[in-house]
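Undergrad: Shown below is the structure under consideration.
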Amino acid sequence: MAESDLWSVDANSALELSLVEPTEDGLTTVTRFHPRFTYPLFGEEEQIFGYQDLKINLQYHAPDMRPNVKITHSKKFKSIGETQPTDLDALLQGYLPPVAFAKKREFEDAIRLMPADWTPPGEILSEFDGVDGAKFEIRRSNLADDASRQIIDRVQLLILLFIEGGSYIGTDTTDSLDRWDIFFLYNIKPSTTDGTSRYQFAGYSTVYKFFPLQRFPLEPKEAHENLELPSGEFPFSNLRSRTRISQFLILPPFQKSGNGSRLYRTIYDYCLRDPNVIEVTVEDPNEAFDDMRDVADLDFLRQKSEFTDLRINTDIHIPKQGAAPRGVVDEVKSEEARCLYRIAPRQFSRVLEMHLMSRLAETVRPTLVDDKVVAKPTKIETHEYDLWKLFVKQRLYRHNKEVLSQLDRHDRIERLNETLGSVELEYARILALAERRTQATSSNLKRKLDDDENTEGSSSKKARVEDA
């Protein structure tokens, strides 16, 4: 083993994060977890040089996410020339607020001073029951709010540790703070002693408003001559805007329970109620977020007649030569539905394609199972499938026109067919995921109804609640 290997530590293992709460006997750990990756801090190799038995314990006070860092090790490398151990304090100070480096006693004293009836900043948008009886709350605030901005400053490091390509948002430029909305997800734990509820931070999302240039109808000359600018302050909220989901994080202990979908759905519903929001977009989503978003949007739109009424026009004939026909799906009604529900064009097209694929006959519908035995398709079923493929190819061509236009006709057709095959598999996977989510939701609802019936049949509801 090389000398350097003796002094190199895997950063993902060395760094442990935890949520803690104070008790009469000291701090108690609510949950602990390790980062998904640490390359934004320690480089591509995710190694920390200069220590043996290194432990970096980053504790967060569960309600307000006040951080505290504790670093321990058995040995530290003695510097030789330019070869020096990683300066962990200096490195972490670039990512955490100064309060994170207070002594442990100061940290414990500070969090003990938090009032028992403390509540997170912002207005309550949603309350729901999670798995195993867990209760959650989603609140909305704004980055211009001091308490909310303080929490964001404390937790932004988590974005780098769990979101591929994640980045900080600026909290120092006061003139743009009110463009940022913040949506907090909290797990609520009722106290067994004083009747209050304890909040545990479970995740959050930041949403940015930007204001596109808009076209306005020409007005008579008199209107321009009499134009008066509004006096006083003019809030950004009064302007037509697009909203962009920027950061979106659910802490690992609260993942895989539908909490991400709940948070996304709440953000979308909030934006949908705002008459000034033109469109809801997402900034550089990763694959996991894309899947969650696809399933959530599909579930939502399938409840809307403006969407479900969109169908493939099977009266259209596909010529063997010449230009491909348009209007496979009514373009006007499709655009009206998209604008009504303020979904970005590409996202709406994808979800519509998924939905239409799910309505194809089983004899022609693409699936993840290659050897599935099905009946021979009829001509009508095959024709509808051909029209669906044409509909998808037309979008793919528009989206990749610059690249595809440089290929000859044969290569262009081959490339489109290859891409279509990948799209079919992707849609089949997402539709299967949506089906599993629907079944899980139905199962959870049935279990909850059964529990409610048992509770109503109890001779002492109060005792049952307290025992729980």
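Any Cβ shown, glycine's included, is placed from N, Cα and C.
Note that the structure is a prediction, hence the values are computed from the model and not measured.
Quick paste of what Swiss-Prot says about this protein:
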- S8: phosphoserine (MOD_RES)
- W180: site 'Interaction with histone H4 N-terminus' (SITE)
- F248, L249, I250, Q255, K256, S257, G258, N259, G260, S261: acetyl-CoA binding site (BINDING)
- E283: active site, proton donor/acceptor (ACT_SITE)
- 442-468: region 'Disordered' (REGION)
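Are these features on the surface or tucked inside, and what are their neighbours?
TA: Applying an 8 A CB threshold to same-chain residues 6+ apart, the list for S8 (phosphoserine) reads Q47, I48, F49.
The number of other Cβ atoms within 10 Å of the Cβ belonging to W180 (site 'Interaction with histone H4 N-terminus'), over all protein chains shown, comes to 22.
Following the DSSP three-state reduction, the secondary structure of E283 (active site, proton donor/acceptor) is coil.
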Undergrad: Across the listed acetyl-CoA-binding residues, F248, L249, I250, Q255, K256, S257, G258, N259, G260, S261, what is the farthest Cα to Cα distance, given in whole Å?
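TA: Those residues reach a largest Cα separation of 16 Å.
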Undergrad: If you count the other Cβ atoms within 10 Å of each Cβ, which of the recorded positions F248, G258, E283 comes out on top?
TA: F248
Undergrad: Within the same chain, and leaving aside F248, L249, I250, Q255, K256, S257, G258, N259, G260, S261, name every residue whose CB is within 8 angstroms of the centroid of the CB atoms belonging to the recorded acetyl-CoA site, in sequence order.
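TA: Not counting the recorded site residues, we get G203, F254, R262, L263, M292.
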Undergrad: Can you tell me how far the Cα of G260 (acetyl-CoA binding site) sits from the Cα of E283 (active site, proton donor/acceptor), in Å?
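TA: Here the two Cα atoms are 16 Å apart.
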Undergrad: Going by C-alpha distance, which of the recorded positions W180, F248, K256 is nearest to E283 (active site, proton donor/acceptor)?
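TA: Of the recorded positions W180, F248, K256, F248 has its Cα closest to that of E283 (active site, proton donor/acceptor).
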Undergrad: Among F248, I250, K256, G258, these being the binding-site residues, pick the one whose CA is nearest to that of W180 (site 'Interaction with histone H4 N-terminus').
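TA: Nearest by Cα distance to W180 (site 'Interaction with histone H4 N-terminus'): F248.
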